[in-house]
Every structure is written in C-alpha cells, then in structure tokens.
Amino acid sequence: MARTRSSTSKWRYCHPSYYLKRPKRLAFLFLAFVCASLLVWDRQTLLKEHEEEILKLNAEVVRLKSMVGEVNYKPGNKEEDVDDPIDVERREKVKEAMIHAWSSYEKYAWGKDELQPQSKNGFNSFGGVGATLIDSLDTLYIMGLDKQFQKAKEWVANSLDFNKNYDASVFETTIRVVGGLLSAYDLSGDKVFLDKARDMADRLLPAWDTPSGIPYNLINLVGGRPHNPSWNGGLSILADSGTEQLEFISLSQRTGDPKYQQKVENVISQLNKSFPDDGLLPIYIDQNEGKASSSTITFGAMGDSFYEYLLKVWIHGNKTAAVKHYREMWEKSMDGLSSLIRRSTPSSFTYICEKSGDSLIDKMDELACFAPGMIALGSSGYDSEDSKKYLMLAEELAWTCYNFYQSTPTKLAGENYFFHPGEDMSVGTSWNILRPETVESLFYLWRLTGNKTYKEWGWNIFQAFEKNSRVESGYVGLRDVKTGDKDNMMQSFFLAETLKYLYLLFSPPSVIPLDEWVFNTEAHPLRIVTRNEGGDLVRSDEKSKPSIRLRGRKEGRSK
C-alpha cells in the first residue's frame with residue numbers, strides 16, 4: 001500500500017540525500033546510524049508483538065492480488081492468447097521434463113504399467129495393461145511429441161492385450177485406460193483408440209450387475225466375477241462407484257451403443273433417491289440397497305471425484321436440461337462443503353474438514369486440493385453474488401494447498417495435513433507421490449481469473465519436483481517430504497496429470513479450451529457433446545472429428 005504524502009515526509013530525514021546536500025557530514029553519519037538502528041529495532045518489535053496480525057495481512061495481500069488479477073482479466077480478449085516469452089520458456093521446460101519421464105519409461109519399462117526409476121525396471125501395478133503408456137497418450141499429443149505418440153499408438157494397435165487374469169479396480173481402469181483411450185481418440189480421431197476403449201469397457205460392464213445398480217469395485221479382466229474388497233466390509237466405495245460417468249457416457253456417444261451410459265447414469269439416479277439436503281455422502285455405499293452406509297464424509301480419498309463428476313457431467317452435456325439434475329446435486333454438495341470449512345490459527349488458512357458422525361476432524365488430504373479448481377469451474381453457474389462467494393472460497397483453498405508445499409523443507413506437499421489450534425498446518429502422512437491436485441487447481445484458477453500469481457505458484461512447485469524428484473531414469477516420489485528421502489516409483493498420473501496441467505498452465509487458453517473440452521479426473525480431455533432434452537443419446541463417431549487448436553504442437557517437436 002502506498003504511503004500518503006504526510007507519512008512519507010516523516011521519513012525524509014532518514015534518506016542519505018537529505019544530508020549529502022548539507023555540509024555537516026558528521027551529523028549525517030550520526031543521524032543515519034540512529035535512523036538505521038531505529039528501523040531495525042522497530043521492525044523486530046513489530047514482528048515480535050504483531051506476528052499473528054502480519055501473517056493475516058500477508059494472506060489478505062494474496063487475496064487482494066487475486067482480485068486485481070480478476071479485474072485485469074477479461075475472457076475472450078485477443079490478449080489472452082498472446083504468448084508471453086516467460087510462458088514459452090517454462091512450457092518448454094515442462095515439455096523437457098515429459099521427454100525425460102517418457103524416454104525413461106520407454107527405455108526401462110516399455111509396455112509395463114509403471115516405471116521404477118531407481119532400479120530401472122517396469123512394474124505391473126494394474127495387471128499389465130500399459131497404464132503409463134495409455135495414460136500418457138494425450139499428453140504426448142498435446143505437447144506435440146508426434147514421434148513418441150505414433151510409437152505409442154502402434155503399441156496400442158499391435159500389442160495391447162486386455163486378456164489378463166487380474167482383478168482390476170473398475171475406477172482406476174476406467175479413469176486411466178478407458179479415459180486415456182477415449183481422449184486419444186477425441187484428439188486424434190484414430191479409431192484404434194475407440195475400439196480398445198470399448199473392449200475394456202465391455203470387460204468392466206458386469207461390475208454394475210448388482211441389485212441396486214451400484215457397481216462392485218473390482219472385476220477380473222478375463223473371467224468377470226465382480227466383487228468388493230473385504231477390508232471395508234464388502235461395501236462399494238463412493239468415489240469408485242460414482243466416477244465412471246464421463247467415460248461411459250462418452251463411449252455411448254461415440255459408439256452409438258446406449259448400454260454404457262445407461263449403467264452409469266442409473267448409479268446417479270439411485271443415489272439421488274435418498275440424496276441428503278447437504279449433498280454429502282459417506283464414503284461407503286451398500287451396493288445391494290443402493291444407500292449410503294454410516295462412515296466418514298470427506299472430499300479427500302474415497303470421496304473426492306464423486307463430487308467432481310456431478311459438476312463435470314453437467315458441463316460435458318453442455319449444461320442442458322438433460323443434465324440439470326447433476327448440477328442440482330452438485331450445488332447441494334457445495335452447501336455441504338461450506339459447512340465443513342474452517343480456518344486455522346494464527347494464519348487463517350482455509351481448509352475442508354472431514355466429518356465422522358456429528359464430529360468434524362481438522363484434517364485435509366492433498367487429494368482434496370482438486371476442490372479449489374472444481375469450485376472455481378462451477379462458480380460461473382451461480383448468480384453474481386454466489387459466484388463471487390464461491391470463487392473467493394476457491395482462491396482461499398488454493399492458497400492453503402500451495403502452502404502445503406511451501407511449508408516443508410523440500411517445498412513438496414505431504415499426503416495429508418492436520419490443523420491444530422495455534423499451529424496452522426502440520427504434515428500428517430509425510431510422503432509425496434507426485435500428485436497433481438494442487439497444480440490442477442492452479443490451472444483452473446489461472447484460466448478462469450487470469451491471475452498470473454497462479455502461474456508463479458505452479459512454477460515454484462515444478463521447480464521443487466525438478467530438485468527433489470528428478471533422477472537419472474525418470475521421476476520418483478518422496479518417502480518423506482521433510483528429509484527428501486526418495487522412493488522407487490514413477491506414478492502414471494505424473495505424466496497424465498501433473499506434467500499436463502503444468503504445461504497447460506503456461507499455454508494459451510486456446511489450447512484445450514474449457515468451453516469445448518472437459519477433463520476427467522485423470523486429466524484426460526473429453527469433447528463436450530450437447531445432450532438432448534430428456535437425455536436421448538447423441539451419436540458422435542469417427543466421421544465427426546473434433547476441431548482442436550494446439551498452438552504448442554508446432555514448438556520444439558522431437559527429432
């Protein structure tokens with residue numbers, strides 16, 4: 001904040017130029033020493049006596065900067081597509097990171113699910129379906145890595161085989177494999193990806209054959225035999241059961257076969273029958289009764305993406321009456337989320353509690369850091385007053401999530417955080433496995449507000465990954481964000497999500513524009529297709545290729 005003229009004049013005696021114009025140099029030296037001493041003493045006193053107030057003011061400064069960014073940003077202006085030289089440089093750095101990650105996978109783990117960089121070998125964590133390769137297809141395409149994309153496509157066409165005697169997670173397989181293949185199809189128009197996506201979806205489909213239509217969460221890719229894990233009492237998990245809508249609806253639209261859409265939309269219809277007024281569902285669902293079972297409520301692990309898909313299916317259907325009930329359910333859930341909001345002391349970090357029975361737990365997963373982006377994305381669907389309220393909440397939560405990173409010695413976030421009175425945030429589970437949720441939210445907030453602060457935060461996070469996670473043969477997570485001790489796994493979502501969102505953060509908004517594409521929870525962009533009144537199926541096949549503007553694809557193509 002600028003000082004007023006009167007307050008500025010009080011300090012003129014502490015400026016050397018005031019005395020240099022006068023003959024008494026000794027007086028100048030003496031007074032300069034006194035002024036400097038007073039300033040140091042005054043600063044130390046202020047810091048000691050008003051530390052809490054200063055921390056709160058710092059948070060307010062960030063909020064005000066966000067507001068300034070919003071005022072200066074007007075979506076639709078031609079200026080939004082002007083490529084800043086700094087953005088170009090940073091985007092190329094992210095692309096280079098992707099090349100390093102991909103070439104390491106290609107050299108040591110080709111066709112396997114994930115790379116173990118320290119031991120330089122592949123590991124089949126998803127039954128051996130090439131999870132990292134499929135997860136990376138759209139990232140390679142968007143970054144213009146055509147040589148790598150073509151080689152991966154040839155593997156999909158000639159070597160990808162889903163006949164695996166493996167009990168696959170319906171959720172993980174849907175978002176990574178079906179979603180990854182559909183996105184590659186939407187981007188490239190190559191039918192081989194659509195055929196493979198349909199093959200996998202057909203193997204998963206028996207999981208929905210339950211009395212209520214709420215799916216089992218595990219299924220054998222060869223023999224079927226759907227079931228639930230025993231560790232949670234044989235119940236279905238909320239996020240695992242309610243995060244297949246985007247992929248299966250898209251598959252029905254692109255093949256003309258309604259069975260996929262019908263299965264996943266029935267899940268939402270069942271849950272909507274007893275949907276609570278606050279829109280908050282426990283993480284366990286009885287697949288026989290189709291009702292929630294008494295358990296924890298969270299926007300973190302096992303709850304998160306259910307709420308995300310309520311919003312995104314509405315966007316994916318182009319916000320028509322056919323998908324209005326998704327938006328209505330999501331708005332109820334945002335009312336419930338608001339009831340879980342608390343602020344820490346002394347720094348007033350905004351966070352989302354978990355709920356057990358009638359008790360709130362002052363804990364927030366890094367996984368829940370997708371929420372700022374989700375809230376910002378949905379804020380425009382409200383009236384003016386509520387829109388501003390939710391956008392401000394999104395910005396406050398994003399500041400907290402960024403500080404999950406900034407609060408550790410490595411500048412990388414732990415898996416979850418606890419908030420104790422007078423202590424702000426403290427790391428709970430201290431590992432970092434290259435998760436994308438915070439940079440995902442920074443991407444959305446940049447796109448929706450134009451505030452460049454979010455780019456700076458994203459760049460800082462990227463540099464922390466480069467410093468702590470990059471090794472000779474790829475990227476690894478950390479066993480402990482305090483010590484920097486490394487693990488031996490390059491998660492497929494690091495290539496599918498973390499690096500993609502960072503790349504898009506430094507790309508013009510015309511690259512995967514949000515009015516034409518919606519990202520699934522694994523960051524795979526799917527084309528928005530308008531849903532007819534009443535929800536009738538609209539076919540969108542290979543003859544109707546999407547238009548996509550990828551300015552970045554001409555930059556630095558690999559040789």
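Just so you know, glycine gets a Cβ as well, placed from its N, Cα and C.
Taken from TrEMBL, the feature active site, proton donor applies to Glu172 (among others). Non-local contacts of Glu172 (active site, proton donor) by the CB criterion (under 8 A, 6+ apart in sequence, same chain) comprise Phe126.
Residues within less than 8 Å, Cβ to Cβ, of Asp304 (active site) and separated from it by at least 6 positions along the same chain comprise Ala239, Thr298, Asp365, Leu367, Ala368, Phe370, Ala371, Thr521. What TrEMBL lists as active site is Asp304 (among others).
For Cys369 (disulfide bond), other Cβ atoms within 10 Å of its Cβ number 29. Here TrEMBL flags Cys369-Cys401 as disulfide bond.
For Glu415 (among others), the entry in TrEMBL reads active site, proton donor. Glu415 (active site, proton donor) has a Cβ environment of 20 other Cβ atoms inside 10 Å.
Within the same chain, the residues at least 6 positions away from Glu437 (active site) whose Cβ sits under 8 Å from its Cβ are Glu366, Leu367, Ala368, Cys369, Phe370, Cys401, listed in sequence order. Per TrEMBL, active site is recorded for Glu437 (among others).
Using a 10 Å radius centred on the Cβ of Thr521 (Ca(2+) binding site) and all shown protein chains, the other Cβ atoms total 26. According to TrEMBL, the Ca(2+) binding site annotation covers Thr521.
The region 'Disordered' annotation in TrEMBL covers 537-559.
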